[in-house]
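*Asks:* For reference, TrEMBL lists these features for the protein:
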ACT_SITE  Cys71  active site
ACT_SITE  Cys71  active site, proton donor
ACT_SITE  Cys225  active site, proton acceptor
BINDING   Asn11, Asn62, Gly72, Asn73, Asn165, Asn198, Glu216, Arg217, Gly226, Thr227  substrate binding site
Amino acid sequence: MRFSKMQGTGNDYIYVNCLEETVNEPDILARRLSDRHFGVGADGLILIRPSRRADFAMEMYNADGSRGEMCGNGIRCLGKYVYDRGLTDKRELDIQTGAGIRHLRLFAGEEVPAGGEIRMVEVNMGKPVLEADQVPAISEHTCMIREPVRVGGVEYPMTAISMGNPHAVIFTGRVRGLDLQRLGPPIEYHGRFPRRVNVEFAQVEDRGTVRVRVWERGSGETLSCGTGACAVLAAGVLNDLTDRQVTVKLIGGDLLAQWREDTGEILLTGPAVHVFDGEV
Ligand SMILES: N[C@H](CCC[C@H](N)C(=O)O)C(=O)O
């Protein structure tokens, strides 16, 4: 089976083109190939499938084999993949995901000769969902905005937001030095989140810049999370800590997120990089 390794700000995935390959048990394959010692090594597996309702469909699995409804870094690389390999000549694409259809705009950038590779992609990530029961999160309030949640005897004020997948955003003074291996799992598996949760620790540097570290549902700490960056933006605005356009500084690189007033949708822009092709 042929695969491609791609990454967006260090959030790396194995891509299989299911228009040409057959994958029978994707959850088992995701676990095996994501292993960074016994497999290829990645934050998960992304299958590219045909779609009747869109140009292509993205089926995403975390490193533990669980499904992710949406993947912001992953979908940018999928857009690059299908364009660079001639599966489409369109630079604006609709992609069917587990969270609905998402619209991409592909850029080569001035520095790349015309017809060159795609380097940057803008994704319309849709509208953030704030109703707690749709995240889903269990809360006595309609929305979980900076609500203290007890974890290991300590209360963490969390803002729960869905970008199609569940996120808990915790604003903190300093993200560097946080022990995510210790803090991540008890929040990911906390009873307040029936479908588990992705956890973002966010340090507001100014109203246009947030430094973020992420513990991802199903993958552990990753170098970046696209849906997480959008959840941090929405939480920053809701808590009046940021403006509606922010640079999200993650370990793996920077993402630009903008929450549009007119449509209520969040636009996410960032790099998409091909690393290598291989066979298993
Ligand atoms: N771990 C996430 C899926 C991947 C999201 C992230 N890698 C992104 O770029 O949005 C989940 O289980 O919902």
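Positions of Cβ are set from backbone N, Cα and C atoms, glycine also.
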*Asks:* Going by DSSP, is Glu216 (substrate binding site) part of a helix, a strand, or coil?
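*Replies:* Where Glu216 (substrate binding site) sits, the three-state DSSP reduction gives strand.
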*Asks:* Using the recorded substrate site (Asn11, Asn62, Gly72, Asn73, Asn165, Asn198, Glu216, Arg217, Gly226, Thr227) as reference, state which further residues of the same chain have their Cβ within 8 Å of the centre of those residues' Cβ atoms, listed in sequence order.
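*Replies:* Once Asn11, Asn62, Gly72, Asn73, Asn165, Asn198, Glu216, Arg217, Gly226, Thr227 are set aside, the remaining close residues are Gly68, Met70, Cys71, Gly74, Val214, Ser219, Thr222, Cys225, Gly228.
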*Asks:* Tell me the Cβ contacts of Gly72 (substrate binding site) under 8 Å, same chain only and six or more apart in sequence, or just say none.
*Replies:* Gly8, Val123, Met125, Met163, Cys225, Gly226, Thr227, Gly228, Ala229, Cys230, Leu255, Leu268, Gly270
*Asks:* Are there any residues in the same chain, six or more apart in sequence, whose C-beta is under 8 angstroms from the C-beta of Cys71 (active site), and if so which?
*Replies:* Tyr13, Gly44, Ile46, Met58, Met60, Thr97, Asn165, Gly226, Thr227
*Asks:* With every protein chain in view, what's the tally of Cβ atoms within 10 Å of the Cβ of Asn11 (substrate binding site), excluding that atom itself?
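*Replies:* Around Asn11 (substrate binding site), other Cβ atoms within 10 Å: 31.
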*Asks:* Under 8 Å between C-beta atoms and at least six apart in sequence, can you list the same-chain neighbours of Glu216 (substrate binding site), or say none if there are none?
*Replies:* Asp43, Asn62, Asn198, Val199, Thr222, Cys225, Gly228
*Asks:* Looking at substrate and its recorded binding residues Asn11, Asn62, Gly72, Asn73, Asn165, Asn198, Glu216, Arg217, Gly226, Thr227, figure out the farthest C-alpha pair and report it in angstrom, whole number.
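*Replies:* Result: 16 Å between the two most distant Cα atoms.
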*Asks:* Three-state secondary structure of Asn165 (substrate binding site) from DSSP?
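*Replies:* Assignment for Asn165 (substrate binding site) reads coil.
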